[in-house]
Amino acid sequence: MRVGSRINDEEAMPLTAPESRARDSIDSSSTASISLTLVEGASHATTEPSKPAHNHNGRAQGNYAEKYRDDLEEDWEEDNYIPSNGKSNQRRTLIVFWLLVALCVGGWAVAFLFFVTSPGNKTSTSPHSGSNSPEGDVTKPGIPATGKKIPLDDAIGGVWSPAEHTISWITGAKGEDGLLLQKSEGGTGPYLHVEDVRNIHGTQSNNNSIVLMKESVFFVNDERISPEKVWPSPDLKTVLAMTREKKNWRHSFTGLYWLFDVETQTAQPLDPDAPNGRIQLATWSPTSDAVAFTRDNNLYIRNLTSKSVKAITTDGGTNLFYGIPDWVYEEEVFEGNCATWWSLDGKYISYLRTNETLVPEFPIDFYLSSPPGYSPKPNEESYPYVQQIKYPKAGAPNPTVNLQFYDVEREESFSVDVKDTLKDDDRLIVEVIPGSKGKVLVRETNRESYIVKVAVIDANKREGKIVRSDNIDEIDGGWVEPSHTTTYIPADPSAGRPDDGYIDTVIHEGYIHLAYFTPLENPKPKMLTTGKWEVVAAPSGVDLKNNVVYFVATKESPIDRHVYSVKLDGSELQMLKDSDKSAYYDVSFSHGAGYMLLKYQGPQIPWQKLISSPSNADNYIEILEENKKLAKLSNEFSLPSLHYSTINVDGFELPVVERRPPNFDETKKYPVLFQLYGGPGSQTVNKKFLVNFQTYVASSLGYIVVTVDGRGTGFNGRKFKCIVRRNLGHYESHDQIQAAKAWGKKPYVDKTRMAIWGWSYGGFMTLKTLEQDAGETFQYGMAVAPVTNWRYYDSVYTERYMHMPQNNEGGYENASISNATNLSQNTRFLIMHGSADDNVHFQNTLTLLDKLDILGVHNYDMHVFPDSNHGIYFHHAYKMVHQRKYFNLSFLGHGFFSFYSNFLPIRSF
């Protein structure tokens, strides 16, 4: 359940965020909601590209796999609504009852038809225009005009996604900075080439231009090979190419790997003796003469001067992983598929040994799909495919990890014992940073993530020691999260750096800031930044020639992002020139930090440009993307106006964004939807340009949509964030309820029509808020893929915030969704979940349903999506999720839930 800047869409911020990909379109609708969902679906053809189901291709199946059925359970007892005084009375009562039902539904249908056919309104102002201070109203209400309403398909299908270019920075063979790796488009020019950033369009002759692959295909033994991914060697003489990719988990995959020689334009298998062996990871040596790779969970090395491959490990298998992470480390620690690190001189390979022997398995059932190549046994075709995952839940045994080393020259593996490290069963290795001269930095935490230790290991001497140790619980009662941005700074006496060092983020006076540690063994850093603001995923780039560090921070406000620079001695802190004061920027630097791809992401229409860094005298600028099409689109449709403010709850200022419908009229009463995520350290209220489901609800359904980043969320200081420790859901739900009560007092809000929804952690927060509120403030809620009991979620994420269940039994009880009586006080709520969710297991929803059944709670609906994982997209499910939300918000918006609340649960399986 990693959160951070990679998350762009609020509803797609899962406990592990669903990947931001385009989802399948939908061509069928739930029979229970057909009267509403098809009105929207029939009038707007989707533009979403297709997307395969998670790691599974459909096996033999009939039309049932393409449809979803909502089974209306009609197990009502007759004496609940029919007097038992004779058949004629029963018949008469039935007639009256169904006439009333027909009148209600007919009246609703007329009102709804009027609503969906009424003309939209156009706003001529940007949906994110105006001042962007976090305090008070900052955007102008929409100006009355005639314009189009945003179709649901467009809002969720990527039509409004800004065009964005990805730059693959690469270092030249002689250390040249500002080079790009480019692929030709449309078959013009060489397929793969290196280009100077100043000649990005390839229109000029440039000494730094290098053709790596002339064609997009090559042949090996008459087999036609079309590479899907490529990684040039550091000397740019060989290209590592991958074909036949198969997705595994979120970040991991396997494929066939090839070595392509740039000079001869020929290729060979990475392992000539096993050309069809599926490789899980391959990494170049910094000296370009070898490739380390993992296959079948064992680590190998291929020296380019030889066609033979040497096995570094041989006992890898089901429970032992070498050089790659297991599921929980991939998901919660590294956020990637790599656990192999070369030393900077190429003499050593550091790799993680992961032992899952004691980790319990969790079964994931697939009813309609199975992995490619899977064939069931004869006469077992009707049984589900069951995938067993080693998944450590809170309190269960974790995988044990150890850092191993391989001496390339001596061809031997070894380990280094370091005194005072944590015990195997209480250790997470969260970051490994290779340095020079055989030095390696290793960061480890205890499994509850409040003890942090940094070790320096010398592979040459085969010794190491702990150089830093912090108890975060004693500092502020909080936790530490895995870092992926710690940067090694090599010694350079001529540049004023007599010793090696590294830049890290640390807690300083209640905020996250940059610190420079030098020499490596020095536990006391030079603070590069200070103040009541925070750095974000820093540093972003380091110019070693000029001793300048670049980073992104919240110095202007917690909901803004700007690019800053500071000297390594802590002087000359300054914002990038010509930046808008209130804006949201991101940046990608070349390896030498001489050039940057600057990305303006809001609040106005996003743009991108390539520029030289302030420490580079080149003074280069190239507009890469202006999103003119998106700007034109925003002028053709009615978009809500955004109003940023803060609300004080218990002395804490909570960031808020309110989306008001076009032609907003303060004399009218509007229904309100609260949308939330709320996970620890996350942020949903920010200045990014974003058109999504929330935009659609405000623009086309006439709702006010409010998002509040309550306590526990990020970038407002440690006190704001860490207060939720040991008691997830308590303060967060309280903040949402208090904010909703404040909105209910506004003259333009109809407090009898207030709803709340969220996905993943947001689903948990939705249910926890409804449970705590017990119908007092919110009438309706929608929870997608929710956690309902933190004992069921993975250990690394959960214990970071909750400790182990053995050490916090009361906290786990309080954080579970268990008060079915309180939930029954709400008018109605909806739960949706994918049956094959490998992240937030379907077990969470099933156990909640059992609690509701035990107490006879009826005021909810349920939709299960077969074979969908946490992103819910198998067989068009993603669109169905939003159609169900649309259906129910339309009901609430027209006041029909007061009647609908008496219906028994609608469960869609």
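Cβ atoms here come from the backbone N, Cα and C positions, even for glycine.
According to Swiss-Prot, the protein carries these features:
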ACT_SITE  Ser760  active site, charge relay system
ACT_SITE  Asp837  active site, charge relay system
ACT_SITE  His870  active site, charge relay system
COMPBIAS  27-38  compositional bias 'Low complexity'
COMPBIAS  123-134  compositional bias 'Polar residues'
CARBOHYD  Asn121  N-linked glycosylation site
CARBOHYD  Asn207  N-linked glycosylation site
CARBOHYD  Asn303  N-linked glycosylation site
CARBOHYD  Asn355  N-linked glycosylation site
CARBOHYD  Asn814  N-linked glycosylation site
CARBOHYD  Asn819  N-linked glycosylation site
CARBOHYD  Asn822  N-linked glycosylation site
CARBOHYD  Asn888  N-linked glycosylation site
REGION    1-63  region 'Disordered'
REGION    123-144  region 'Disordered'
TOPO_DOM  1-94  topological domain 'Cytoplasmic'
TOPO_DOM  116-909  topological domain 'Vacuolar'
TRANSMEM  95-115  transmembrane segment
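Between the alpha carbons (Cα) of Asn814 (N-linked glycosylation site) and Ser760 (active site, charge relay system) lies a span of roughly 18 Å. Cβ packing within 10 Å was compared across the active-site residues Asp837, His870, and the lowest neighbour count falls to Asp837.
Around Asn819 (N-linked glycosylation site), a 10 Å sphere centred on its CB holds 16 further CB atoms from the protein chains shown. Per Cα geometry, Asn822 is the residue among the glycosylation sites Asn303, Asn355, Asn819, Asn822 nearest to Asn888 (N-linked glycosylation site). In the structure shown, across all protein chains, Ser760 is the one of the recorded positions Asn303, Asn355, Ser760, Asn814, Asn888 with the greatest number of other Cβ atoms within 10 Å. Cα of Asp837 (active site, charge relay system) to Cα of His870 (active site, charge relay system): a distance of 5 Å. The closest partner of Asn822 (N-linked glycosylation site) among the recorded positions, by CA position, is Ser760; the full candidate set was Asn355, Ser760, His870. Checking each of the recorded positions Asn303, Asn355, Ser760, Asn819 against His870 (active site, charge relay system) by C-alpha distance, the shortest gap belongs to Ser760. Residue pair Asn355 (N-linked glycosylation site) / Asn819 (N-linked glycosylation site) shows a Cα separation of 39 Å.
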